Structure formats: C-alpha cells, structure tokens
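The following features are taken from Swiss-Prot:
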- 17-37: transmembrane segment (TRANSMEM)
- 60-80: transmembrane segment (TRANSMEM)
- 106-126: transmembrane segment (TRANSMEM)
- 144-164: transmembrane segment (TRANSMEM)
- 175-195: transmembrane segment (TRANSMEM)
- 210-230: transmembrane segment (TRANSMEM)
- 254-274: transmembrane segment (TRANSMEM)
- 292-312: transmembrane segment (TRANSMEM)
- 344-364: transmembrane segment (TRANSMEM)
- 370-390: transmembrane segment (TRANSMEM)
- 401-421: transmembrane segment (TRANSMEM)
- 426-446: transmembrane segment (TRANSMEM)
Amino acid sequence: MSDESHPHERHMTPRKLFYLALGSVGVVYGDIGTSPLYAFREALKPVAHDGVTRFEVISLISLMIWALTIIVTIKYVLFLLRADNDGEGGTLSLLALLMKTANGHTALLMLLGLMGAALFLGDAMITPALSVLSAVEGLKLVTPSLAEYIVPISVVILALLFVVQSRGTGAVAKFFGPITAVWFLVMAAAGISHISDDFGILAAFNPYYAVSFLLHEGFYGVVVLGAVFLTVTGAEALYADLGHFGRRPIQWAWFLLVFPALTLNYLGQGALVLGKPETMSDPFYLMYPQWALLPVVILATAATIIASQAVITGAFSLVRQGINLGFLPRMEILFTSETNTGQIFLPSVNAVLFFGVIFLVLSFKTSDALATAYGISVTGAMVVTSIMAFEFVRARWNWSLPVAVIALAPLVVLEMIFLGANLLKIHDGGYIPILIATAFTVVMWTWRRGTAILMEKTRHTDIPLASFVSSIERKSEHSPAQVPGTAIFLTSDPESAPAALLHNLKHNHVLHDRNVILTIRTVNKPRVPSHDRYKVEPISERFSRVELLFGFMESQNVSQALATLRKTGLKFDIMSTSFYLGRRKLVPDAKSGMPYWQDRLYIALANAAANPSDYFRLPANRVVELGSHVII
C-alpha cells in the first residue's frame, strides 16, 4: 500500500490516526497480545528436565525477542503491509491479485492460497479455545479450589461468545481497543517491575544468546523453537486486517505500544525466573502480587475474548471472500449493522467454529496440552504467505529473481525451521490443525474444481445466446406470445442462452417485452466503483445483456445494483420485474473427472448452498425457479 494509492492515509489527521491505531490494538493485536500468558511457560518445559540454567533463560527470551523482531516487525509490519490488493490484505486477497498475473502455475498458486486460508480457519478454532483457557486458568492461583471449574467456565464463556455473534458486536467494539491497550500497559508495567529482579536479563537483546542456544542445545533447541513460535501467533492478523485500519495506524500501534509492551513483559518473566526459579510453573501470573491476581485474570479473560472475537470476525470475512471468489458455495450472510457492511454474521460458519472450539476445550482441557497443537496452523499459514509474497514481488514489484531470493529466502528458511519444530508435536495433538486445514482445503478445492467441470459440461449442450436471440426474433406462426413487463434471467455464462429462459419458453410459451440476461461476476480486487458496476450490451429490440461487477469484499446486493441501471436508460420497476433462476439437480457421473467421493461432496455442497434469491437479495415474491437435471 502506498500513501498515493490511498488518499485517506495521505491526508489522515493525527486524531484519526490515533483512533485507528487504538482500534487496531483490539482487533489486529488481540491474538498476539495473549501469547505472554503461555509462550514463555511452554518454552521452558523442554529444557526444564534437569533444571534451567541462567544461560537457557536468557537465551529463550532472546529467541522470543528476535522472533518478534524478524517475523513480526520486519516481515509483516515493514514488508507485507505494503503488499496489498487495493488496500486489502490476507491470503485470499493476495491470491486474487496474483491470479491476474500468474504464468503457467495458476493451479499451484491456487492450492497454496487455499491451504493458507484453510490454516487460518483452523487457527480460528484453536485461538479462542487456547486463549480463554489460558486466561481462566489464572483462577487456580487465586483460589486453588477453582481448578476443577476451569473447563466449565471456559465452555460457558466461549458459548456466550458464539451466541452473541448473531446480534453483532458493533455496540461494544469501540471498547475493544481501549481494553486491549490497558492490557498491554498492565503487561508492560508488570515486566518493568520485575526486570530489576535480575538486570542480567537485558543481555537477551544480544542475538548471540539465541544463536548460541540453538547451536549447542541440538534436538532440545529445535523442540524449544516450537514453543518460542507461540510469541508470534497472531501475526497473520496484521496482514488480514490491513483493509480495516490501513498501514500507518497498524504500524504506529506496533512500534509505540504493542512491541515495547510484549518485549518488556517477556523480559520481566525472564528476570522473575532468574531470581525465583520456582515461578517457572506459571511465570506470567506469578509476576503479580496476590491482591492483583483476580483483577488481572478478569482483564486477561476480557483480552482473550476480544482476541477470539477478532479471529471469528476474520473467519467470517475470509469465508465471504472465498464465496465471492468462487472457492466456496453461497452461504447465508446476515448483516449485523445497518451502516457498516463489513459487520456480517454467517450462521453456518459460526456453528462449525463453535462445535470445533468446544470440542478442542473438552478434548485438551488445559492450555498446556492445547498449546502443542497451536503452532502448526500458524507456521503453515506464514510459510504459505511468504511463498506467495515471493510471487508478488516478482510479478507486481518487478523484483529480479536474485533480489527476491536474497530478500525472502532467509524468511522462508526460518519459518520452515519453525514449521519443522512444530511438526515434532504431531503426536501430542499437532495432527488436529493438520486435519482441520486438510478438510477445509479439500472442500474449497472440490468446489472450485467441480464448478469448473460443471460449466464445461453444460457449455457443450448450451445454445449460443446470439443464435438463440436471432432465431426467436424472427416472426413466425410459432413465435411465443409476448407479455408485458421485464424478465431477468440469471446465468453464469453470458454467451449461452440461460436454461431458465429455455424452460420458460418450453413450458409457458411466452416472452416478455424486455428480457435481460444477467451475469454476476466477482473481480480480483476488493471493491468496484459505482460507475464501473455494470456493463450493458443491447442484443436486439427485446434482449439486453447485463454484467454486474462486484469486488470480493462486497455484498452482492443485485436489487440495489440494478437500480443504478436507470442511468443507462434501461428503466424498469424492480417490483414489477420477474427474476428467473435455474435450479439444477446434480447427478454424479463416473466419468466426471473427479473421484466418486468428491462428486458426492460437491453435490452435497451444492445442495447446502444458500438460495440465490436470498444471497443476491432479490424480492422473494418476484422470483421464479425452473429446475433441470445435470450429470456431473
């Protein structure tokens, strides 16, 4: 993103910059802000088998600080935030941009993008479960007798979180930033208060300790990397939420608040363990005096709920992008705000996430156990993003191959090492995110492939629209009766006569005064300006071809978009217009090009898809559906 390409950033007032930066603290940094609850604790475990040494503690903190510096600061904050698609970030946004310039390896790029999106959806299940569990576990330090109630309390909190999604969070979202900012300030204060326990912890800024530890610890060093990576979980949110806040507010929030607070807190935890080794069982909560524990647990729970909310909202947005880009079937999308079309609720996605999150909490029961499963989905998503970023700088910024390799290969290698370290935890629950991501990838790939096969098969039997119109406009005794009004026929192929039009002629023997062949197309950019929304092409006296263009971040409100067509002279009353939709009954074919099980999956997805009249927000009492059988 450049300031020139986004005038609202170039002319942003200091006041607006402050409020956007504050808002980004709650949404963008909520996930990474909950990592101190468990990251250092988990990193200590692999080396605690024979007691931790001073060198090991300083080295672990050094690894965490430099992971935050290299992966979050350099890769995401300074580099990836500039690799935008008209201001939007995220895996599918980057994929949509690359699809415009892909040369010969479109399928590989698509598969990578789908894997990245699937890993993010897996992360959307694990993050709420792990974050809330880790916060509520602080209760056992307040009152040990509450230990047995941690799982039930976590389940209740998470259940309430998913229940309120349908009502929207607009009313309380304005508090997310301030609450999370207080959380970061409290963490920073706790860190500062304990650095004096052992000023030797400041040596962690020296990368010598991080490198030396990895070189000397061997296998344990690799295992530790899996836990160290927990410090950077949530970094993908920086890129995914780029379009909501803009580059500068996200960068300012990182450098002025988030990065310093995280660094100070990790230094404080390290100094505490150096001074009091017995605190390594839970260094985060043991930084606070007994009287402050309950307020900190409450604040931590609020912060984890906000982090979970941000991930859930991100999942809704990602799925809508997937639907609009043709990677997922249409789903019911409800708008929870009358003024902000970005505030959406997808009941089916909410249900899948809810059951997945509750299953994880009941299965793993502790944040210790769940943390082992967490890193794989995040490291996988980061590796995918880095590979796609390599393609981006080559295709969009015209970097030469040597420059791109020199700049990005070290990042990819580092993240591959982190991924390898996390893969060591497959038997301890690491298989869970792999299974989740595989399932989502198969669903998206099946939908994309099945839709392409279906279009190819129907194209062989379709009648070219130009030929059809030419024949129907010739007057003869067999011409259909003409009736007043306008008929709009929705079709995915503007070059062929819609099946609904042919069936209407076959069964009703009528043709309207005005007939519009309407195609809805999603372009590979986030939004389409209103003056570029439509393309109108007269075919004959009674037929017109109209194409409505939407960005992948937009709601496809066809009724509203058609109202703008009046500017072209194509006048009609939406409430006296009939919309004709084709409904296909799909039948599996052994020679479809996909395995039988994939045929069945595609048909199941098609049957479960939202009704197009609801999805495109057409007036229900003006819609006519005509069915047909199609063998896929």
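Heads up, residue numbers simply count up from 1 along the chain you see.
Backbone N, Cα and C atoms are what each Cβ position is placed from, and that goes for glycine too.
Contact between the transmembrane segment (17-37) and the transmembrane segment (292-312) is supported: at least 3 Cβ pairs lie under 8 Å, counting only residues 6 or more apart in sequence. Per-stretch counts of Cβ pairs under 8 Å to the transmembrane segment (175-195) identify 254-274 as the leading one among 106-126, 254-274, 426-446. Long-range contacts of the transmembrane segment (426-446) within the same chain: residues 111, 114-115, 117-119, 121-123, 125-126, 322, 327-328, 356, 360, 364, 369-370, 372-377, 380, 594, 598, 601-602, 605, each at least 6 residues beyond the stretch ends and with a Cβ under 8 Å from a Cβ of the stretch. Listed by sequence, the residues of this chain that lie at least six past the ends of the transmembrane segment (370-390) yet keep a Cβ under 8 A from its Cβ atoms are 38, 42, 71, 75, 79-80, 83, 91, 94-95, 98, 109, 112-113, 115-116, 119-120, 122-123, 126-127, 129-130, 133, 226-227, 229-230, 232-236, 239, 360-361, 364, 404, 408, 411-412, 415-416, 418-419, 421-423, 425-426, 428-434, 436-437.
Here the transmembrane segment (292-312) does not lie next to the transmembrane segment (60-80) in space: the count of CB pairs under 8 Å, restricted to residues six or more apart, is fewer than 3. Within its own chain, the transmembrane segment (144-164) has Cβ neighbours under 8 Å at 128-129, 132-133, 136-137, 301, 305, 308-309, 312, 350, 353-354, 357-358, 361-362, 365-366, counting only residues six or more beyond its boundaries.
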